[in-house]
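Note sheet for the following structure.
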Amino acid sequence: MKQNSNAETAETRFLGTISTSSIRNLLPRSISSKYQSKLNPNSHKSDSENTPPIEQNIQINDGQPLPTVHKQLQTKMPTSPDRVTKPELQLEAPAPQDSAVKVMVRIRPLNDHGREVDWKVKKLSSDTLSVGDRKFKFDLVFNSNSNQEDIFLSVGVPLVKNALAGYNTSLLSYGQSGSGKTYTMWGPPSAMVEDPSPISHQGIVPRIFQMLFLELQRAQDNSEGKLFNYQCRCSFLEIYNEQIGDLLDPTQRNLEIKDDVKNGMYVENLTEEYVASYEDVTQILIKGLSSRKVGATSLNSKSSRSHIIFNFIIESWCKETSAKCFSSSKTSRISIVDLAGLDRNKVDDAGRQCLREGKKVKKSLSQLGHLVDTLTKQTHSR
């Protein structure tokens, strides 16, 4: 991370990718192969670890039904002529990168409220921006005219490539309440289901999993002389007022972090769902995001008041067709972390509850900042 003071750019946000998960104490343990066959293959509570981390997120009006995905779409991914064709990804490990932590900033266009003030956030180069007289340097800076596809090609494609190569990866969104994190990460609610939505508004997360399953299917189809199989599962948790909740099972609140010598730290009783397609992931994302805590703040009428973590585990096996057993396997984890929006710490119409929430949010973001800073320093010292 080039700058530790990037939180001062109130009208910007960053997207960072971390090649090694840095939030291990929040991750669910994976199903043990010993017990896996005894459980429901579609849903279970995680109980062991495999080895291989504003604006509200998607909101559904009370009277509006959740978007649905038809099961017949699971075996064939819809395509759109408006979508930029992605290059075929190789499953070999990518070349090592300079830093385990990449920080990227997207400058959002000014809305009607922003035009009332003379806010001067300017992109100076591909990795530098200015806020007034101050300059900040990052790994990459996107201008206000950047579209969703630009962000995905620079952030999402490398993440998918690393995950398929067997690396643990994380994507974090951070920024001021109302700065556009929801739009960048998820897009509007209708964009989670591709058919009825303008593809240009689809967020980075649905694009990631659409591409991921396309590449996994491509690996199966093109595995000449080899047998390639994979299995995916996911979990979705929320951290609200320093308490962990299960977004896939709202009755599971105040979950506890456990630790053991063999498997490390994990969240006890966190639900995991097996998924076989992009449509399966879409259903889970919509379900989880609609349960997230939101509230009114001075900057956003529907600001996220909690942090959420979507964990996605990929297990793949490959063997020669003539072999009796699999010769190689990979296990990797994608962690999508959407942080609560920063807001001014004051009592407003939302009352003192908003004040308490704001203090918790700032405390947790400060701790996360120290963690990311430590990871960056460790990388540079190697």
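The backbone N, Cα and C atoms fix where each Cβ goes, glycine too.
TrEMBL lists Gly175, Gln176, Ser177, Gly178, Ser179, Gly180, Lys181, Thr182 with the feature ATP binding site. The Cβ of Thr182 (ATP binding site) has 26 other Cβ atoms within 10 Å, all protein chains considered.
Look at TrEMBL and you will find 100-382 tagged as domain 'Kinesin motor'. Mean per-residue pLDDT, taken over the domain 'Kinesin motor' (100-382), amounts to 83.
The feature region 'Disordered' is assigned by TrEMBL to 18-53.
Gln176 (ATP binding site) falls within a strand segment according to DSSP.
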